[in-house]
Amino acid sequence: SLSPFYGEDFYCEIPRTFRHLSFYIFDRDVFRRDSIIGKVAIQKEDLQKYHNRDTWFQLQHVDADSEVQGKVHLELRLSEVITDTGVVCHKLATRVLECQGLPIVNGQCDPYATVTLAGPSRQVLHIQELPSEAKKTKVKKKTNNPHFDEVFYFEVTRPSSYNKKSHFDIEDVDEVDKMEIRVDLWNASNLKFGDEFLGELRLPLKFLRQSSSYEAWYFLQPRDNGNKSLKPDDLGSLRLNVVYTEDHVFSSDYYSPLRDVLLKSADVEPVSASAAHILGEVCREKQEAAIPLVRLFLHYGRIVPFISAIANAEVKRTQDPNTIFRGNSLTSKCIDETMKLAGMHYLQVTLKPIIDEICQVHKPCEIDPVKLKDGENLENNRENLRQYVDRIFTVITKSGVSCPTVMCDIFFSLRESAAKRFQGDLDVRYTAVSSFIFLRFFAPAILSPNLFQLTPHHPDPQTSRTLTLISKTIQTLGSLSKSKSANFKESYMATFYDYFNEQKYADAVKNFLDLISSSGRRDHKSIEQPILLKEGFMIKRAQGRKRFGMKNFKKRWFRLTNHEFTYQKSKGDHPLCSIPIENILAVERLEEESFKMKNMFQVIQPERRVLYIQANNCVEAKDWIDILTKVSQCNKKRLTVYHPSAYLNGHWLCCKATADNTPGCTPCTGGLPANIQLDIDGDRETERIYSLFNLYMPKLEKMQEACGSKSVYDGPEEEEYSTFIIDDPKETYKTLRLIIEGVGTLEQEHAQYKRDKFKKTKYGSQEHPIGDKSFQTYIRQQSEISAHSI
C-alpha cells in the first residue's frame with residue numbers, strides 16, 4: 001500500500017533532554033530487508049504547536065547530514081607569538097575536549113574529530129609546519145561520549161603583517177574576522193564506503209576580538225551541502241497526533257497541601273464536593289482527570305474507597321437499571337484505568353496464549369456469507385469460530401481466582417451499590433459488574449490486543465476480523481441480556497449465537513461474576529445473600545474437637561460461600577461445622593507421607609487448628625485450594641509460614657519439632673500475586689493534577705461563582721452553571737478554595753524556580769549548549785517577564 005493506515009498508539013516516557021522527535025518510514029522488500037523511505041523530525045520547541053492536533057507532515061530525506069545529534073566541548077585561544085626574528089604573529093589554539101550523545105551508526109560509534117581553519121575565500125590557509133589541511137584527533141573506540149582533550153595550533157596572520165601602529169593591519173583585521181574554525185565529527189568506519197559524517201560546528205573568529213580565550217559547549221549542526229535541490233513533496237506525508245506533556249516535579253513536601261486535599265476525596269460528604277470529583281468536572285475529557293487520579297490513589301492505597309464513593313453517587317443518580325455505568329463518566333473512566341493498570345498481568349495469564357495462537361494459525365472464521373472468500377466453507381468457518389469462542393469463554397469464566405484483589409474489591413462495592421439502589425431487579429448486581437469486566441476489559445482486549453500489550457502490533461485484517469467476531473460474541477455472553485439474538489444487527493451473528501443460547505453459559509457467567517465480586521472484606525451491614533462459590537463431597541479427618549474419640553476419616557458434603565466454609569453429612573443437611581472466611585489463615589497442600597493419602601490439603605485456622613481434607617482428584621484439589629486462597633486473601637492475620645506435613649505421634653513430620661504450637665517451617669505459597677507492584681511516582685501524578693487544575697483555572701472560578709449563586713438563590717440555574725454537578729454548594733466551595741490556594745502556592749514555587757534557574761544558567765554551558773533553540777526562546781520569554789515585573 002502507498003497509503004497505509006496504521007491507527008496505532010505509542011506511549012513513551014522521555015527521561016532525558018532531546019532535540020527532535022523523529023518518525024521513520026521504512027519499506028520492507030521480499031527478502032524482509034528494510035530500506036528507509038523518509039522521516040518526519042519535529043523539533044522539541046515545535047511540539048507545543050502540534051499538541052493533540054491531527055497534522056500532516058511532509059516526509060524528508062534521510063541522510064547523514066540530517067541525522068545530527070550530540071554536542072561538543074571546545075576551547076579556543078588566540079595568542080601573540082614572537083618569532084626568532086622578532087616579528088609578532090598570531091596563533092590560534094583549538095582544544096577539542098569531549099563530545100556527548102553522538103549518534104550510533106549501524107550499532108557502532110568510533111568517533112574522531114577533524115579541525116580546519118578556513119579563510120575568507122573558503123580556501124584553507126596552508127600553514128608552513130603542517131601542509132595537511134585538516135588536523136585529526138585520535139579515534140576513540142566504542143563510545144558515543146568520547147573524551148579527546150587534544151590541542152591543535154593554527155597560524156592566523158603571516159609574520160610580515162606586523163607594524164608598529166597596531167597589532168593588525170586593517171585588511172588583516174578583516175581577514176581574521178572572515179576566517180572560521182571548523183570542527184567535524186566522523187565515525188571511523190571499517191567499511192570501504194569511507195567514514196560517516198556525524199555533525200559539524202563552524203565558528204567565525206570574529207568573537208575572539210572581545211576576549212582572547214573562549215570555552216563553551218556547542219550543539220553539533222548538520223552540514224549545509226548543496227543537496228537541497230530535491231523537491232520536498234516527492235516522498236509523501238505522514239499524519240500524526242502528538243501529545244507532549246512536560247512536568248517539572250518538585251520534592252514530596254511541596255505537594256503535601258494539594259495531595260492531602262485529593263487523598264481525602266473518598267471521605268468527603270457528598271463526594272461531588274471532593275477535590276478529585278471537581279477535577280473530573282473541570283477537565284475537558286474525563287480521561288485526562290482519571291489517569292493521574294487513579295495512579296495517585298493506587299499509589300497511596302486509597303483507590304477502592306474513592307471509586308466506591310463516586311460509583312455510589314453515580315448509581316444514586318441513575319434512573320434506569322439498564323443504563324447503569326454505560327456513560328463515559330468519571331467513575332467508568334477511573335475503573336477502566338484501574339483495570340488497565342492492575343489487570344495487565346491478569347490479561348496476560350488469561351488471554352495471551354490463545355490470542356497468540358489465533359494470530360499465528362490464521363484459521364478462516366468469516367461467517368458473513370457475503371464476505372466469504374473462494375474455497376471457504378461456511379459451516380467449517382462457523383465451527384472454527386465456535387471453538388475459539390468456547391475456549392476463550394472457558395478461559396475467562398475459569399479465571400476468577402486470578403482476578404486481582406483490587407479489582408474484586410471494586411466489583412464488590414459496585415455490586416452492593418447497584419443491589420441497594422434497584423432492589424426489585426435481581427440481575428442488576430450482575431450487569432453492574434459485567435459492564436466493566438466484559439464490556440470494558442475482556443471484549444476490548446480481544447478486539448485490540450495491541451492496546452493491552454497482548455500483541456506487539458495491530459493484527460492483520462483477517463485476524464482482526466476473527467477477533468472482532470469473537471469479541472462481539474463474548475461481549476453478548478457476558479452482558480446476560482434477556483433476548484440475546486435481538487442484540488445483533490446482523491442476521492448471521494444471530495444465527496451463530498444460537499449455539500450459545502444454553503443455560504450453562506449464563507450460569508458460568510454468573511458464577512464467574514459471583515466469584516470476582518465477593519470480597520473477603522465482608523461488611524456485616526451488607527444486605528447481600530451469601531454467594532455459593534463451590535460445593536461437593538470430599539473426605540475430611542476429624543479435627544479433634546472432642547477430647548476423646550478416634551481422629552478418623554469421614555466423607556462430608558462441603559460448601560463454600562463468600563461468608564463461610566462449612567461441611568455437613570449430606571447435601572441440604574444442617575452444617576456440622578462452620579469456619580468463617582476471616583478465620584481461614586492459610587490453605588496449603590499436605591505431603592502424602594502424612595496419612596499415606598494423595599490429593600490432600602489443609603485449611604489452617606486460629607490457635608493452630610487444622611482441617612485436613614482429601615479431594616477426589618488432583619484437579620479438584622487444585623480448584624479448592626485456589627478458590628479458598630482467593631476468598632481468604634484479604635484476611636488480616638494470614639500466615640506467612642506453615643507445616644507441609646501433619647503433627648503425628650508427638651512431632652511434626654516435616655521439621656521434627658515436638659511442640660504442636662511450633663511456628664511453620666515452610667513459607668506459604670500465597671496462591672497468587674495479590675497485587676502486581678506498580679511503578680508509580682505519587683509526586684509526579686500530583687504535579688500532573690496541579691497542571692490540569694492550573695490549565696482549567698477559569699472553570700474552577702466559574703464553579704465557585706456557581707456555588708455562590710446556588711447557595712443564595714434556589715430558582716432555575718443559569719445556563720453557564722448548569723454543566724457542573726454541585727450537590728452541596730457550601731462543601732464544594734470550601735474544597736474549591738483549598739484547591740485554588742494549593743494551586744496558587746505551587747504556581748509561585750514554579751515561577752520562583754524558573755527565576756532562580758534563569759539567574760544561574762549560562763548559555764554555552766553543558767546543559768544549554770550554544771545552538772539550543774529552546775533555551776533561546778526561554779531567554780526571550782524570561783527577559784519579557786522580568787521587564788514586566790520591573
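Glycine residues also receive a Cβ, built from the backbone N, Cα and C atoms like all the rest.
Curation does not apply to TrEMBL; its annotations are automatic.
Feature annotations, courtesy of TrEMBL:
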{"type": "DOMAIN", "residues": "1-57", "note": "domain 'C2'"}
{"type": "DOMAIN", "residues": "68-218", "note": "domain 'C2'"}
{"type": "DOMAIN", "residues": "285-479", "note": "domain 'Ras-GAP'"}
{"type": "DOMAIN", "residues": "531-633", "note": "domain 'PH'"}
DSSP puts the residues of the domain 'C2' (1-57) at 7 helix, 22 strand, 28 coil
Its residues classified by DSSP, the domain 'PH' (531-633) shows 20 helix, 42 strand, 41 coil
Model confidence over the domain 'C2' (68-218), as mean pLDDT, sits at 77
